[in-house]
Amino acid sequence: MIIVTGGFGMIGSNIVKALNEIGRKDILVVDNLKNGEKFVNLVDLDIADYCDKEDFIASIIAGDDFGEIDAVFHEGACSATTEWDGKYLMHNNYEYSKELLHFCLDHQIPFFYASSAATYGGRSDNFIEERKFEQPLNAYGYSKFLFDEYVRQVLPEADSPVCGFKYFNVYGPREQHKGSMASVAFHLNNQMLKGENPKLFEGSETFLRDFVYVEDVAKVNIWAWQNGISGIYNLGTGKAESFQAVAQAVIDFHGKGEIEKIPFPDHLKSRYQTFTQADLTKLRAAGYTGTFKTVAEGTKEYMAWLNR
């Protein structure tokens with residue numbers, strides 16, 4: 001059996017899809033389905049069972065027997081960078097992750113988890129997987145950073161793979177439940193469907209992000225499991241592209257529209273990453289040779305999926 005936490009979420013459901021594609025359907029999905037809209041992410045996929053997140057944690061603490069587990073993909077967390085309830089974030093993103101990590105270490109189960117480029121904070125270069133380059137700007141980034149630091153402490157003694165991925169700007173299918181936290185491409189497509197022009201913040205031509213297609217993210221996770229990879233790695237394309245490139249790809253798909261600029265919101269000014277670009281040196285050194293879709297390629301594929 002394979003366990004995917006956050007399996008109804010964007011990245012989790014795409015990992016389930018990637019597992020299905022290699023013939024694995026013996027999947028236990030763990031999630032909090034309070035947001036019932038997320039169920040649509042798995043309706044076309046095959047899983048063996050579902051467990052509520054709180055029940056799952058209780059089972060782990062109680063020492064319940066889950067049978068033979070081949071891997072745990074831990075994608076379940078609060079992913080809202082705008083969430084400032086520190087107690088809530090530390091419970092969901094740190095304490096929960098520690099419980100699951102120790103469960104996997106105790107049973108020698110390969111453990112793959114979601115970290116984030118938010119751990120780097122507002123830097124404009126050297127997105128390198130080392131403590132000296134990490135200075136998160138928000139509580140979400142700090143919760144992810146702290147777990148990375150915890151993993152660094154236990155990695156030298158681990159007898160089974162422990163692998164974290166610092167996800168950069170992930171976009172693509174199965175994110176419609178995320179509301180305001182969904183990708184720019186998703187929101188721009190919705191604006192176009194309403195007959196509006198795609199809207200970007202003023203100055204967005206200077207905002208460069210490493211936009212990585214979610215199916216590429218899932219592929220790297222599967223590769224890491226199949227190859228017994230340990231460590232903490234950046235997961236982006238290695239190339240920063242502009243929000244304008246995203247908007248242009250959406251316009252090109254729809255065959256109409258032009259970019260409209262709107263004022264930059266004051267509440268984001270000191271907490272907004274204006275540049276992200278994954279340094280893939282470590283991932284490539286670990287042996288990953290796969291390619292990553294460009295914004296034009298990924299957005300075109302995503303638009304076709306959204307408008308199918």
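Every residue gets a Cβ built from N, Cα and C, even glycine.
As written in Swiss-Prot, here are the features:
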BINDING   10-11, 31-32, LYS38, LYS53, 75-79, ASN92, LYS144, VAL170, LYS178  NADP(+) binding site
ACT_SITE  TYR140  active site, proton acceptor
BINDING   ASN169, SER180, HIS187, PHE201, GLU202, GLY203, SER204, ARG209, TYR272  substrate binding site
ACT_SITE  LYS178  active site, proton acceptor
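Sequence features, as recorded in Swiss-Prot, placed on the structure.
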{"residue": "ASP31", "record": "NADP(+) binding site", "Cβ within 10 Å": "25"}
{"residue": "LYS38", "record": "NADP(+) binding site", "Cβ within 10 Å": "22"}
{"residue": "GLU75", "record": "NADP(+) binding site", "Cβ within 10 Å": "29"}
{"residue": "ALA77", "record": "NADP(+) binding site", "Cβ within 10 Å": "23"}
{"residue": "TYR140", "record": "active site, proton acceptor", "Cβ within 10 Å": "24"}
{"residue": "ASN169", "record": "substrate binding site", "Cβ within 10 Å": "22"}
{"residue": "LYS178", "record": "NADP(+) binding site", "Cβ within 10 Å": "17"}
{"residue": "HIS187", "record": "substrate binding site", "Cβ within 10 Å": "16"}
{"residue": "GLU202", "record": "substrate binding site", "Cβ within 10 Å": "10"}
{"residue": "SER204", "record": "substrate binding site", "Cβ within 10 Å": "20"}
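Checked against TYR272 (substrate binding site), the recorded positions LYS38, GLU75, TYR140, LYS178 differ in C-alpha distance, with TYR140 being the nearest. Residues ASN169, SER180, HIS187, PHE201, GLU202, GLY203, SER204, ARG209, TYR272 are listed as the substrate binders, and the farthest two of them sit 20 Å apart at their Cα atoms. Comparing CA positions across the binding-site residues GLU75, HIS187, GLU202, the one lying closest to TYR140 (active site, proton acceptor) turns out to be GLU75. Between LYS178 (NADP(+) binding site) and HIS187 (substrate binding site), the C-alpha separation comes to 11 Å. With respect to ASN169 (substrate binding site), the closest of these binding-site residues in Cα terms is MET10, chosen from MET10, ASP31, LYS38, ALA77, LYS144. When the alpha carbons of LYS144 (NADP(+) binding site) and GLU202 (substrate binding site) are compared, the span between them is 30 angstrom. MET10 (NADP(+) binding site) counts 26 other C-beta atoms within 10 Å of its own C-beta, drawing on all protein chains shown.
Cβ neighbour count for TYR272 (substrate binding site): 15 (other Cβ atoms within 10 Å of its Cβ, all protein chains included).
Classification of ASN169 (substrate binding site) by DSSP places it within a strand.
Separation of the C-alpha atoms of MET10 (NADP(+) binding site) and HIS187 (substrate binding site): 15 Å, rounded to the nearest whole number.
Ranked by Cα separation from ASP31 (NADP(+) binding site), the binding-site residues HIS187, GLU202, SER204 are led by HIS187. With respect to HIS187 (substrate binding site), the closest of these binding-site residues in Cα terms is LYS38, chosen from LYS38, GLU75, ALA77.
A simple way to gauge crowding: the CB of LYS144 (NADP(+) binding site) has 28 other CB atoms within 10 angstroms, across all the protein chains here.
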